[in-house]
Amino acid sequence: MVDQNRAFGWAANDESGVLSPFHFSRRENGENDVTVKILFCGVCHSDLHTIKNHWGFSRYPIIPGHEIVGIATKVGKNVTKFKEGDRVGVGVIIGSCQSCESCNQDLENYCPKVVFTYNSRSSDGTRNQGGYSDVIVVDHRFVLSIPDGLPSDSGAPLLCAGITVYSPMKYYGMTKESGKRLGVNGLGGLGHIAVKIGKAFGLRVTVISRSSEKEREAIDRLGADSFLVTTDSQKMKEAVGTMDFIIDTVSAEHALLPLFSLLKVSGKLVALGLLEKPLDLPIFPLVLGRKMVGGSQIGGMKETQEMLEFCAKHKIVSDIELIKMSDINSAMDRLVKSDVRYRFVIDVANSLLPESSAEILTEHVDHGVSITSRF
């Protein structure tokens, strides 16, 4: 009889971040669970940071991936929202306490006991592994319905990148009045989605970048209204005080002062890029211009479902490069160089093939340790 708990994926075993085949176990499908056969999984920049331990809290082995689209193959007896055969998604979080102030406000992403899809532990102590694998078992409250008309492959990155830009647009008032001016700093995996969603909300969008390399693409294909090169001092001077909002997606070290100068009085800058080192925060421009700096971390489950419906309605998807699982390490190398337009997505179902040289991951919940062995 086939072991229904067996799973297969690609894991990083140390800070080199090199991914290799792994066999491991998923928990049995419980009464509140949905088992998902993974079809596609997006490659997020945070996957790269985590497998290389850039943030200092990685626990190996790690199977990354939190932009998952697949098919429900089993549902628990208490699950009424989903049925076998449904197309579903799993994003950045797969658990929370369900009782704190944040959870009661549909902000599970800010729950102090939030459980992430990978490099995290569930309440029973088991290590969670992500979507660079063939199957995942998730509490139904953290499973999303993929709307008709939203492609499985190019829709997958919306489960992280999409909600990461959608949520702050709603919270910081960017959607209340069309015609407001939004600056998007950085045109990468987050930035190109921010342009599309911003335009769908009726904003006038300016892409802010260090070079003019992507100018025509940003305007002609992505729909941006204008393009501002930060190294062009004359254009930067002309743009002072013209923007109501800026979404800063850049995860590399950069100066905030030039961005503050672009904001109108009472303008808002929302930082989304997760940097390894803190940025300098100039206070004078904030005080003298009543300007605001804020942050945002993905979104709750209700808002994420809302975002998916919004993107389906407006035909918003990520621009992707579809890759095989065996190409993941070279894709990570390219991601470091920003050599992708604009998101890698792994064709899991058609390329994840077991190998006889793979390792077995055995998890010992009682002691909270993992032991690997060859087979």
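Note that Cβ sites are derived from N, Cα and C of the backbone, with glycine treated the same way.
Swiss-Prot has this to say about the protein:
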type: BINDING; residues: CYS44, HIS66, GLU67, CYS160; note: Zn(2+) 1 binding site
type: BINDING; residues: SER46, THR164, 186-191, 209-214, THR249, GLY273, 296-298; note: NADP(+) binding site
type: BINDING; residues: CYS97, CYS100, CYS103, CYS111; note: Zn(2+) 2 binding site
| note | Students should find that the Cα atoms of GLY273 (NADP(+) binding site) and CYS160 (Zn(2+) 1 binding site) sit apart, in Å rounded to an integer, by 13
| Additional residues surrounding Zn(2+) 2, by Cβ distance to the CYS97, CYS100, CYS103, CYS111 centre under 8 Å | SER96, GLN98, SER99, GLU101, SER102, ASN104, GLU108, PRO112, LYS113, VAL114
| Cβ packing number for SER46 (NADP(+) binding site), 10 Å threshold | 20
| Does GLU67 (Zn(2+) 1 binding site) have same-chain partners at least 6 apart in sequence with Cβ under 8 Å from its own Cβ, and which are they? | CYS41, GLY42, VAL43, CYS44, GLY91, GLY131, ALA156, PRO157, LEU158, LEU159, CYS160, ALA161, VAL345
| note | Nearest by Cα to CYS111 (Zn(2+) 2 binding site), of the binding-site residues LEU190, ARG210, GLU213, ILE298, is ILE298
| task | Could you say whether, by DSSP, CYS103 (Zn(2+) 2 binding site) belongs to a helix, a strand or a coil region? | result | helix
| field | Surrounding CB atoms that lie within 10 Å of the CB of GLY273 (NADP(+) binding site), all protein chains | value | 20
| query | Of the binding-site residues HIS66, CYS97, CYS100, CYS103, which one sits closest to LEU190 (NADP(+) binding site) when you measure Cα to Cα? | reply | HIS66
| Nearest-integer angstrom distance between the alpha carbons (Cα) of HIS66 (Zn(2+) 1 binding site) and SER46 (NADP(+) binding site) | 10
| said: For the Zn(2+) 1 site (CYS44, HIS66, GLU67, CYS160), what does the 8 A shell look like? I mean other same-chain residues with CB within 8 A of the CB centroid. | reply: CYS41, GLY42, VAL43, SER46, ASP47, GLY65, ILE68, GLY91, VAL92, THR117, GLY131, ALA156, PRO157, LEU159, ALA161
| query | Of CYS103, CYS160, ILE298, the binding-site residues given in the record, which has the fewest other CB atoms within 10 A of its CB? | reply | CYS103
| message | When DSSP is mapped onto helix/strand/coil, what comes out for CYS44 (Zn(2+) 1 binding site)? | response | coil
| query | Relative to the Cβ of CYS97 (Zn(2+) 2 binding site), which residues of the same chain, six or more apart in sequence, are found under 8 Å away? | reply | CYS103, CYS111, PRO112, LYS113
